[in-house]
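Asker: First the structure, which I've put down as structure tokens, then a few questions once you've had a look.
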Amino acid sequence: MALYSWVQRGWRCGQTWAPLLGGGYRELSATQARQLLGRRFNLLLQQKCGFRKAPRKVEPRRSDTGSSGEAYKRSALIPPLEETVFYPSPYPVRTLLKPFFFTVGFTGCAFGSAAIWQYESLKSRVQSYFDGIKADWLDSIRPQKEGNLRKEINKWWNSLSDGQRTVTGIIAANALVFCLWRVPSLHRTMIRYFTSNPASKVLCSPMLLSTFSHFSLFHMAANMYVLWSFSTSIVNILGQEQFVAVYLSAGVISNFVSYVCKVATGRYGPSLGASGAIMTVLAAVCTKIPEGRLAIIFLPVFTFTAGNALKAIIAMDTAGMILGWKFFDHAAHLGGALFGIWYITYGHELIWKNREPLVKIWHEIRTNGPKKGGGSK
């Protein structure tokens, strides 16, 4: 989820954030915060904002305690704590200008690319239909060479719905980024580009990249489970190409809403996770099918309508944003949910059904192309 994480300026005991089982984030001690930056940590012997005695001839500093009680030095590959502290701009409103234009530009490019992708998909389906007839004839006259494993993989893949096939790529991207977090030498890069924070020097690219970023395995698993569960419904409603455009745009838009809230309240801090985009998917499905029945994974006996679930989620995130709850990035959740509701209600008619001019231009480019000698057709 797009959740508050790690180090805040002027950190004290209980001012740092890290993953909490259940998909959320909780307050951790100073010692635990350093573990996120690549330092060794022992859960049984953790310190709670305490100082260890300074070693001889070494400047006093905070240190973690290993299982043997010795202090471990910070690796040279991991940035010192001071380099990960974020300093807000003295002009907070100006900070939002670049993210705003990036959000508008990226959203436009996402839907434009999706329209062209759909056009190319339709053309390729026609061609693949005739190629399939030829391939079936060739397969019937020559022996099969596929192994059992390949047959099982093909059988599993063909059993998936269009939505499940689509989100498989998204899940794979999230898993790859999760693995990168496990490499200590990449922590500096991951914090800079895969966590979104309006106080960071890099503002725009993390708005997209942080949508695929999870530090906690449980956090990623919970998000991907929800995405997988709603994938068939959302792709049936929007189609594969439109869904991808909505999902990517939702990640950027929800992060921009988070930026606005952080700047307005002065509560800066890095966020990461796919929750903003997933909230858009959930809100879109619940708005389109409000009478659908939903259940909690561990409490399948208790069911409720999709419409009521959406209202409860919006109410909780609104309260969390107003009251300053810090377990989740409630502003990003709320921004994603409102975007999903708006898109199903108005955005589909306003954006997707007006894509024809762009598709016609692309068709002309593909059909005519540049002519030699500058002649026209």
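Glycine too: its Cβ is placed from the backbone N, Cα and C atoms.
Straight from Swiss-Prot, here's the annotation block:
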ACT_SITE  S275  active site, nucleophile
ACT_SITE  H333  active site
TOPO_DOM  51-95  topological domain 'Mitochondrial matrix'
TOPO_DOM  117-165  topological domain 'Mitochondrial intermembrane'
TOPO_DOM  187-214  topological domain 'Mitochondrial matrix'
TOPO_DOM  236-242  topological domain 'Mitochondrial intermembrane'
TOPO_DOM  264-268  topological domain 'Mitochondrial matrix'
TOPO_DOM  290-293  topological domain 'Mitochondrial intermembrane'
TOPO_DOM  315-331  topological domain 'Mitochondrial matrix'
TOPO_DOM  353-377  topological domain 'Mitochondrial intermembrane'
TRANSIT   1-50  transit peptide
TRANSMEM  96-116  transmembrane segment
TRANSMEM  166-186  transmembrane segment
TRANSMEM  215-235  transmembrane segment
TRANSMEM  243-263  transmembrane segment
TRANSMEM  269-289  transmembrane segment
TRANSMEM  294-314  transmembrane segment
TRANSMEM  332-352  transmembrane segment
Asker: Please give the sequence-distant neighbours of the transmembrane segment (294-314): residues at least 6 beyond its ends with Cβ less than 8 Å from one of its Cβ atoms.
Answerer: 225, 279, 282-283, 285-287, 333-334, 337-338, 341
Asker: So if I exclude everything within five residues of the ends of the transmembrane segment (96-116), which remaining residues of that chain have a CB under 8 angstroms from its CBs? That is, six or more out.
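Answerer: Beyond its ends, the transmembrane segment (96-116) has Cβ neighbours at 198, 203-204, 207-208, 241-242, 244-245, 248-249, 252-253, 255-256, 259-260, 263, 351-352, 355, 358-359, 362.
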Asker: Which range wins on Cβ pairs under 8 Å with the transmembrane segment (166-186): 215-235, 243-263, 269-289, 332-352?
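Answerer: Comparing 215-235, 243-263, 269-289, 332-352 against the transmembrane segment (166-186), the winner is 215-235.
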Asker: Measure the Cβ-based neighbour count of H333 (active site), defined as the other Cβ atoms within 10 Å of its Cβ.
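Answerer: Around H333 (active site), other Cβ atoms within 10 Å: 31.
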Asker: Compute the C-alpha separation of the residue listed as 'active site' from S275 (active site, nucleophile), stating it in Å without decimals.
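Answerer: Approximately 6 Å lies between the Cα of the residue listed as 'active site' and that of S275 (active site, nucleophile).
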Asker: Report, as a single number, how many Cβ atoms besides its own are within 10 Å of the Cβ of S275 (active site, nucleophile).
Answerer: 29
Asker: What is the pLDDT of the topological domain 'Mitochondrial matrix' (315-331) when averaged and given as a whole number?
Answerer: 86
Asker: Should anything in the same chain at least six residues away from the topological domain 'Mitochondrial intermembrane' (236-242) have a Cβ under 8 Å from its Cβ atoms, list it; otherwise answer none.
Answerer: 111, 114-115, 117-118, 121, 162-163, 166, 284-285, 288, 344, 348, 352
Asker: For the topological domain 'Mitochondrial intermembrane' (290-293), could you work out the same-chain residues 6 or more beyond its ends whose Cβ comes under 8 Å from its Cβ atoms?
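Answerer: Same-chain residues near the topological domain 'Mitochondrial intermembrane' (290-293) but 6 or more away: 303-307, 310.
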